Amino acid sequence: MVKESDILVVGGGHAGIEASLVAAKMGARVHLITMLIDTIGLASCNPAIGGLGKGHLTKEVDVLGGAMGIITDNSGLQYRVLNASKGPAVRGTRAQIDMDTYRIFARNLVLSTPNLSVSQEMTESLIIKNDEVVGVTTNINNTYKAKKVIITTGTFLKGVVHIGEHQNQNGRFGENASNSLALNLRELGFKVDRLKTGTCPRVAGNSIDFEGLEEHFGDTNPPYFSYKTKDFNPTQLSCFITYTNPITHQIIRDNFHRAPLFSGQIEGIGPRYCPSIEDKINRFSEKERHQLFLEPQTIHKSEYYINGLSTSLPLDVQEKVIHSIKGLENALITRYGYAIEYDFIQPTELTHTLETKKIKGLYLAGQINGTTGYEEAAAQGLMAGINAVLALKNQAPFILKRNEAYIGVLIDDLITKGTNEPYRMFTSRAEYRLLLREDNTLFRLGEHAYRLGLMEQDFYKELEKDKQAIQENLKRLKECVLTPSKEVLKRLNELDENPINDKMDGVSLLARDSFNIEKMRSFFSFLAPLNERVLEQIKIECKYNIYIEKQHENIAKMDSMLKVSIPKGFVFKGIPGLSLEAVEKLEKFRPKSLFEASEISGITPANLDVLHLYIHLRKNS
């Protein structure tokens, strides 16, 4: 049976959901093929969305028309701002989610979206003609024709689950691996490697002794992810903190020989920033304890996820380990921890649109590209979906720069550097993080969303008014000169503010931590009518004014540098500071400008600086 659509999406995880929904929203006829409709949107690992860097991604996905933020706001159990005591650039919103509610909400959204159809089957191979994808075949002899195909298979490509010595060919515990498609992708000549990730055991809530455990609350004023969320008054359940101890560690050490991670059974490389408990005990042998969070999986609190105890140790060892931990002495394990090893394609095989270089019309998103995490997957799925539609319409691709969004950092890192371990987003990966804050996501990306048809016109008009108000009032504050006159000192004293001893502008005054929004409105009458969103931006811009201006200068310099032409016949060999790999790639592709050089996989900003210097030196000589 042959069926046709504009875009096919393979896989109903977090990347597949965003790719399907955004493409349908932009007017394409989309068909989603997934192994099990009931697992669309399943949170396979921890019951949480967001965090440091990840919260930024979630909010960016939301502004650009994605669904993760609104689903989370409708299914959360606890909401917090991480790093709340630090600067706004490194704060991250995080929510514990009800895994059942999240999955049901996501599934219903997918099933009720116009232009989007869904079928339950397994994709087995791609149909390729003249190096262009034209469709797929499935395990029930269906053939689907499409102009674009987006693969979002997660950990299912040749997936193997490990629990102790036992191995099963699963893409997730109890679910079949996708072996035929994995073989097909290898046969097409893609550079395929193996990665490993893992998950933690879950225990029955009524078997935990919470007495004496540290209770972890949500924020009094809970943050939310989606700008569309109104009247937010969510459930706030507690999490609990406990710790491993020397007895726990000895049990694990005594069973290192039975751990797939150390026995050679697992070959794939695991996530650096989410190591298994056996890896932590091995690498940090001097530590006497490791922190664990007991997180409710649903509002019913019937199961708790033991965050920090990812493991693939044998079942009997997992029992001993858990029962050695305070509060879990009599815990009943409902689901054991396991490791999963799977195929991924080196993301250097992709362009910035997430289309493969080898096969036209084929896009990859999510863990197939070597990332880890729901948020990283959602961001890639969204971008693949948008770009697949734009390609259908013969319109220019949508590529976010590193100075525009964490999504830009994520994709640029993947396609230029590749990865040999599961890639996770952190704020430290963004060199322009002062400009890429959670609080200014709407102002950064609203114009893009509106242009793509992913933001309502009325809302965008209000956003533009706010943006203009921010710029105009910052200018006014810079021009507003304050002197230590009697009137100024009196007004500062009334606001319980320290006096000024010298001349200063309004921006410098508002840079004070103590000068809150209420004081801003009181001291500067022209700020009084402005809404909270505008005043918050003005406050942050004033506080970090010097650093923000410096980052804008660096961006301008980089933009100017990328316009520099590389002379015809330029010799790259022998330039100090250029690695052999960089020289080989530059000689092979012969870029005509530094911008073209920056698009080559493996060419770093440091390489561009060196090239810029030597082009300048050779021109002068």
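Note that Cβ sites are derived from N, Cα and C of the backbone, with glycine treated the same way.
DSSP assigns GLY16 (FAD binding site) to a helix in the three-state reduction. The annotation FAD binding site is assigned in Swiss-Prot to GLY11, GLY12, GLY13, HIS14, ALA15, GLY16.
The NAD(+) binding site annotation in Swiss-Prot covers 270-284. Taking Cβ-Cβ distances under 8 Å and a sequence gap of 6 or more within the same chain, the neighbours of ARG272 (NAD(+) binding site) are GLU421, PRO422, ARG424.
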Which ones in the same chain are close to GLY16 (FAD binding site), with CB under 8 Å and 6+ residues apart in sequence?
VAL9, VAL10, LEU32, THR34, ILE40, ILE150, THR152, ALA365, GLY366, GLY381
Within 10 Å of the Cβ of GLY13 (FAD binding site), how many other Cβ atoms are there?
28
Under a criterion of Cβ-Cβ distance under 8 Å and sequence separation of at least 6, what residues of the same chain contact GLU278 (NAD(+) binding site)?
ILE252, PHE256, ALA259, LEU261, PHE262, THR311, SER312, LEU313
If you count other Cβ atoms within 10 Å of each one's Cβ, which of the binding-site residues HIS14, LYS280 has the most?
HIS14
What are the other residues, in sequence order, whose C-beta lies within 8 angstroms of the center of the C-beta atoms of GLY11, GLY12, GLY13, HIS14, ALA15, GLY16 at the FAD site?
VAL9, ILE17, GLU18, ALA19, THR34, ILE40, THR152, GLY154, GLY366, ALA377, GLY381
Winner by Cβ contact number (other Cβ atoms within 10 Å) across the binding-site residues ALA15, CYS274:
ALA15
Residues near GLY11 (FAD binding site) in space but at least six apart in sequence (CB under 8 A):
ILE33, THR34, ILE151, THR152, THR153, GLY154, PHE156, GLY366
